[in-house]
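Visitor: The structure under discussion is supplied below as C-alpha cells; questions concerning it will follow.
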Amino acid sequence: MSTGKVVQIIGAVVDVEFPQDAVPQVYDALKITEGDLEGLVLEVQQQLGGGVVRTIAMGTSDGLRRGLNVVNTGQGIQVPVGVETLGRIMNVLGEPIDEAGPIGEKDRWSIHREAPAYAEQSMSNELLETGIKVIDLVCPFAKGGKVGLFGGAGVGKTVNMMELIRNIAIEHSGYSVFAGVGERTREGNDFYHEMNDSNVLDKVSLVYGQMNEPPGNRLRVAFTGLTMAEKFRDEGRDVLFFVDNIYRYTLAGTEVSALLGRMPSAVGYQPTLAEEMGVLQERITSTNKGSITSIQAVYVPADDLTDPSPATTFAHLDATVVLSRDIASQGIYPAIDPLDSSSRQLDPLVVGTEHYETARGVQTVLQRYKELKDIIAILGMDELSEEDKQTVSRARKIQRYLSQPFFVAEVFTGSPGKYVSLKDTIAGFKGILAGEYDDMPEQAFYMVGGIEEAIEKANKM
C-alpha cells in the first residue's frame, strides 16, 4: 500500500501527491489516515502527472488540510453484498446508518463492474402486473425491463414509486434494492417506515445518498445499490431495483465535472453525460442467471422533456410513464398521461389482441376529446354532433376511471387503496368503450378500483 499527502482541496475535490512509482489507478479508493476526518474515502478521478491524482471525497471535506497522510487501498470502493444487506439502511460505502449494528456480510464487491456481455443477456416478454390501472393498460411493464417515471416537481413521482414498490414488492416474493439518490431524507425515512409497516423490510436493501450529501456520494450511491442488486441477480433471483432519482445522479455528475475543470456542454451539463448514463444503465440488465427489473424516477426540469438529462435517459428504457401537471391540476391521481406514456410491451403479440385494442381504443377516444376541447371552449357542447357528444362523455368517464386510490396515499385521500388486476382493468375500459355504462354519471368513475365499485357508487347517487 503506497502512501501520499493531500496537496490541494477545492470543495469536494482533493488532490493527493504520491511517489512517481506508486501512483494509484483511476477509481482506486484512497483513505485519509490521520486528523479529524480519519477514514474518509477519496475516489481517484484523474491522474494529473507528477505523481498527483485528483480525487472526489465520499463525504464532507470540511476539516481536511494539506499535508495529511493518505493511503491507497489498491482497489475500488468495496461494499457489502448478499442477504445480510436485507432490511438494512446503508450509505454509499455500504456502512450501516440505521444504528442496528454491523452488516456482518460474507462478501464484498467493488462498485465498478463490467456490464454483462451480449451473450449473457436475456430478454423476457413476461408482463409484470402493478395493480395500477393506467400503467397496466397503456404502458405495461416487462419483467426484467427498465421503466422510467418522468415528471416535473410535485406531480407525484415518489408517491407513484412508493405505490409500485408496495404493490410489486408485496405481490412479488423476490428481493428488492432501493437506491435513494439525492432525494429528501424525509422521503427516505417515510419509505423505511412504509416498508416496515408492510412487513416487507426483510426483503429490501436500502442505500441512501441524499440531498445534503456531497456530490461524490450522490454520484456513486446508484452504483452501490446496483452492485447489491447484481449480486442477487447472479445468485439466480429476480430482483427489483428502484432508483429515486436518476436526475440527481446526473446533477451530481454535473457538479463533479465542473469541480474537475471539464468544459460544460449543452445547458451546462457535463460533456460526458451520455457516457455516464450509459455506464449505469448498461449494467441494469437481465442475464441467463436472473433478472433485474428497474423502476427509475426521473425529474424533468421545468417540465421540459427535451432537456438533455431526461432525453438521455429515454433511450435506455423499455417503458416510459409520463406524469402530467395538467392532469394533476384536474385532481386526477395518479397523474399519468395515457397519451404520452408508452411501452414496448404494448404489442398484440405480447399482450394479446384484446388488451392491445382496448388500450388503443382508450387512447383514440382521449385524443379525439383533446382535439374537441378547443371547439367546446369556443362554441360549447351543443354545437357538437351526437357522435362527438358521446365521445366526449366516454372520454370524461375514461379520464376519471384512470384515477385510483393508492395504498400509500390513504392518509391524504381518506379512502382505502385499491389493487386492480389486469383482467378487471381491461374488462372495465372495454365496457366503457362499448357504451355499457353510458347511462352512469361520470363522478361514479372517479377514484374507484374496479368497475363494480363504480356501478355501486352510481347506484348510490
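Keep in mind that glycine also has a Cβ here, set from the backbone N, Cα and C atoms.
Swiss-Prot lists these features:
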- Gly151, Gly152, Ala153, Gly154, Val155, Gly156, Lys157, Thr158: ATP binding site (BINDING)
Visitor: Show, in sequence order, which residues other than Gly151, Gly152, Ala153, Gly154, Val155, Gly156, Lys157, Thr158 on the same chain lie with their Cβ within 8 Å of the centre of the Cβ atoms of the ATP site.
Guide: Tyr299, Leu323, Ala328
Visitor: Using a 10 Å radius around each Cβ and counting other Cβ atoms from all shown chains, which of the binding-site residues Ala153, Val155 yields the largest count?
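Guide: Of the binding-site residues Ala153, Val155, the most buried by Cβ count within 10 Å is Val155.
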Visitor: Least buried of the binding-site residues Gly151, Gly152, Gly154, Gly156, going by other Cβ atoms within 10 Å?
Guide: Gly154
Visitor: For Gly151 (ATP binding site), what is the secondary structure state per DSSP, taken as helix, strand or coil?
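Guide: Looking at the DSSP assignment, Gly151 (ATP binding site) belongs to a strand.
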Visitor: Among Lys157, Thr158, all listed as binding-site residues, which has the most CB atoms within 10 Å of its CB?
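Guide: Result of the Cβ crowding comparison: Lys157.
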